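Annotated transmembrane segment per TrEMBL: 21-40, 60-80, 87-105, 157-183, 195-222, 242-266, 316-338, 353-375, 387-408, 511-535, 547-568, 599-622, in sequence order. The domain 'Major facilitator superfamily (MFS) profile' annotation in TrEMBL covers 22-626. The domain 'Kazal-like' feature in TrEMBL is assigned to 432-487. Sequence annotations record features per position, and here TrEMBL assigns region 'Disordered' to 632-668. What TrEMBL lists as compositional bias 'Basic and acidic residues' is 642-668.
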Amino acid sequence: MGETEKRIETHRIRCLSKLKMFLLAITCAYVSKTLSGSYMNSMLTQIERQFNIPTSLVGFINGSFEIGNLLLIIFVSYFGTKLHRPIMIGVGCVVMGLGCFLQSLPHFLMDRYEYESTVSVSGNLSSNSFLCMENGTQIFKPTEDPSECVKEVKSLMWVYVLVGNIIRGIGETPIMPLGISYIEDFAKSENSPLYIGFIETGAIVGPLIGLSLASFCANVYVDTGSVNTDDLTITPTDTRWVGAWWFGFLVCAGVNVLTAIPFFVLPKTLPKEGLEDIAEIVKNDKEEKQSEVRKKRAGITKDFLPFMKSLMCNPVYMLFILISVLQFNAFVNMISFMPKYLEQHYGKSASDAIFLIGIYNLPPICIGYIVGGLIMKKFKITVIQAAHIGCWLSLIEYLLYFLCFLMICDNSSVAGITTSYERVQQDLHVGNVILADCNMDCNCPTKIWDPVCGNDGLSYMSACLAGCETSSGTGINMVFQNCSCIQTPGNSSAVLGLCDKGQDCSMMLQYFLILSVVSSFIYSLSAIPGYMVLLRCIKPEEKSLGVGLHAFCTRVLAGIPAPIYFGALVDSTCLHWGTLKCGESGACRIYDSTNFRYIYLGLPAALRGSSYIPAFLILLILRKHRLPEKNSSSETMLEAKFTGKENEGKEMDQNSKVMNDDELKTKL
C-alpha cells in the first residue's frame, strides 16, 4: 500500500510540474505575441510617414491582423481541443515569427527615406536659394513632368507590412483559446482565475517590452548607418521623422520563434490538478478513455452545430459578446492612436509618447490583473459576485475618464494655418491663407512642410514663408535671420522645427498621465472577474469554442473596422498634408488638435457608455436566477441555468449526496 501511495504522489507531482511548465510556456507565448502587437501599434505613425499613406490606410493595415486571426479562430477553437493543443500553439508562434520577418522586408527592398524639405542636406547651402529671394525661382517646386513621375516601387511596399500582419494574425490564432481552455481543463477551479491572472500579466509584460523597444527604435533614424545623421534637418519631434521601425520587427520575429520551442515537448492532456487519491485518479482516467471513445464514435464535427446553437441561445454569453464588441471598439481606437494623440495634442515626439504610455499605463494594469486574480482565489468569488465586481469597477473608471476632457492644449500656432501672420486666431474651416504681404514677393512654395520657429513664438511653414533672407550653420543647427514676417524688436530670427507648446501644456500632459494610471488600475482590476463570467456561463465542453467565438466576434465587429473608420475620422481633422515630389498628397503633417481631441476622447466615451446597457441586463438575469448559496452545488446549478443543463445540475447535486466512500471502494 505504501508503494501505491508513493506512486500516486510521484504521479501527482509530475503532472503538477507539467501544468506549471505549460503555464510558464503559455505566459511566454503571451509575452511574445503582445510584444509583437504592441510594437506594431506603436510603429503606426512611423509606417504612415515611411510610405506616405493616410491614417485610414494605416488603420486598415493595423486591422489586417484581425483578418488573419478570424480566418481560423472558430475552427481552431473547436477542432483544437480534439488535436494536440500545445503543438498547435507552438506552430502558431513560429508562424507569428514569419509574419514579423515579412513586415521588416520593405526596408531592405526600398531606397533611402526622403522627407520633404526646402533645405537640401547635400546641396550647396551657400546659395540660400531656399530662402526669401525676390524674383527668385523655386528650385524645390514639385516636378510635374510625366516622365519624371514614374510610380516608385516603394509606393506599394506597404503591402508587405499588410501581408506580414495577416500572417502574424494567423499565427496568433491558437494561443488564446487553446491556452485558456487547456488551463481551465486541467487546473483546479479555484486556481484557474489566478493562473489566468498570471497569463494576462504576461500579456502586460509583453507590451512593456514592446513599447520600450518601440521607444528606442523611434528615436533612431530609419536609415541610420547609411546616412550621415549630422546632415539631417529634422529631429524626432518632427512629423516627418521616421524611426528604425524595421529593426524591432526582426527582434519580434526571433522572440516568437524561440517561444515556440517548449510547446513541442508538452503532453496533449494532463490529469486534473489536485487529484490526490487513487479513486479519483482511476475515475478520471476512466472518464477520459470513455470520452475519447465517444468522440471517435461521434466524429469530429458532429457536435459543432449543436454547440453553436447552445451558445447562441445563452443570454448571458450573447450579452457578454455585445459588451465586448462595444468596449473593444473603444479600446482598439484609444490604444492604436494614443501615440499620435500625445504627439499632436501635447507636442511629444513618437519616442517619448511610446515611452510614457509604457511607463504610466502598463504597470498598474499588470498589478490590477494579479490583484484581481488573487481576489477571485482568496474569496472564492461566485459568478454573480464576479459580474457585480466587473460591472461596478468598470463604471467607476468610466466616470473618471470624463476628466480627460479637461486636460487640453491649444493648437500649435502656425502662421497661415491656425493663426494669421498678425497672430490672430483664424477659422480653420475657411481654408488656409498661406501667403501674406511680408512674403508675397519671396516666390515661396506653399505646400512643402518644413516648419521653423520664430523668436516671436510663432511657427511658420518654412523659412521662406517666414520671410527669412539669410542663414547660418548646417543641419539641425541652422539659424535663419532677417525674417520680414517675424515681428520682434531688433534682429528677427528662426530655428528649424515647430515652437514648443509651453509649460501649461506639459502640466496638462502630467495630469492626463496620472489619470490614466488610476483608470488603468481600476479597469484591469475588473477584467479578471469579468472574464470569469464568460468562462463560467458556458458548458465545459463548449468552453474552447465559446472563447473562440467571443474572440471571433470582437475581431470582426471591432478589431478590423475600428482602426479604419477611426483613422478616416482622424484624417478629417488634418490641416495640412505632406507633399510628394510629384505633387501628390503624403502623410498628414499637422492636425486640428481640438477636433482630434473630440474624436479621440468622445467616440470611445459614447461606445463605452452604450455597453453598460447589456451589462446591467446581465446583472438582472443573474439576479433573477439567483439561488440560495448553501454550498458549492448552488453555483453549479446557477451555471446550469445559463448552459441549459438545469435538470442535469439537479441530478448532479442529488447524486453527490447519495454517493459515499463505500460505493467508491466497490467501484475500484
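Each Cβ is built from the backbone N, Cα and C atoms, and glycine gets one as well.
Among residues of the same chain six or more beyond the transmembrane segment (387-408), those with a C-beta under 8 A of the stretch's C-beta atoms are 345, 375, 381, 508-509, 511-512, 515, 518-519, 522-523, 525-527, 529-530, 533, 594, 597, 601, 605, 608-609, 612, 615-616, 618-619, 622. Of the Cβ pairs linking the transmembrane segment (599-622) with the transmembrane segment (316-338) and spaced 6 or more residues apart, 3 or more are under 8 Å, so the two regions touch. Fewer than three CB pairs closer than 8 A are found between the transmembrane segment (21-40) and the transmembrane segment (511-535), and contact between the two stretches is not assigned (pairs 6 or more residues apart).
Same-chain residues lying 6+ beyond the ends of the transmembrane segment (157-183) with a Cβ under 8 Å from its Cβ atoms: 22-23, 26, 29-30, 33, 36-37, 40, 47, 51, 53, 57, 60-62, 64-73, 76-77, 80-81, 85-86, 88-89, 91-106, 109-110, 192, 195-196, 199, 249, 256, 535, 543-544, 547-548, 551. Tertiary proximity for the transmembrane segment (195-222) is limited to same-chain residues at least six positions away from its ends with a CB under 8 Å from its CB atoms, namely 23, 26-39, 42-43, 46, 50, 107, 113, 179-180, 183, 187, 229, 232, 236, 241-248, 251-252, 349-352, 354-355, 357-358, 362-363, 365-366, 369-370, 372-374, 376, 527-528, 531-532. Scored by C-beta pairs under 8 angstroms, the transmembrane segment (547-568) has its highest count with 316-338, from the stretches 87-105, 242-266, 316-338, 353-375, 511-535. Recorded stretches compared: 87-105, 242-266, 316-338, 511-535; the one with the most Cβ pairs under 8 Å to the transmembrane segment (353-375) is 511-535. Long-range Cβ contacts of the transmembrane segment (242-266) within its own chain (Cβ-Cβ under 8 Å, at least 6 residues beyond either end) map to 18, 21-22, 24-25, 28-29, 31-33, 35-36, 39, 43, 46-47, 49-50, 86-87, 89-94, 96-98, 100-101, 103-104, 106-108, 113, 115, 164, 171, 210, 213-214, 217-222, 224, 236, 350-351. Tertiary proximity for the transmembrane segment (87-105) is limited to same-chain residues at least six positions away from its ends with a CB under 8 Å from its CB atoms, namely 26, 29, 32-33, 36, 40, 68, 76, 80, 160-161, 163-175, 178-179, 246-247, 249-250, 252-257, 259-264.
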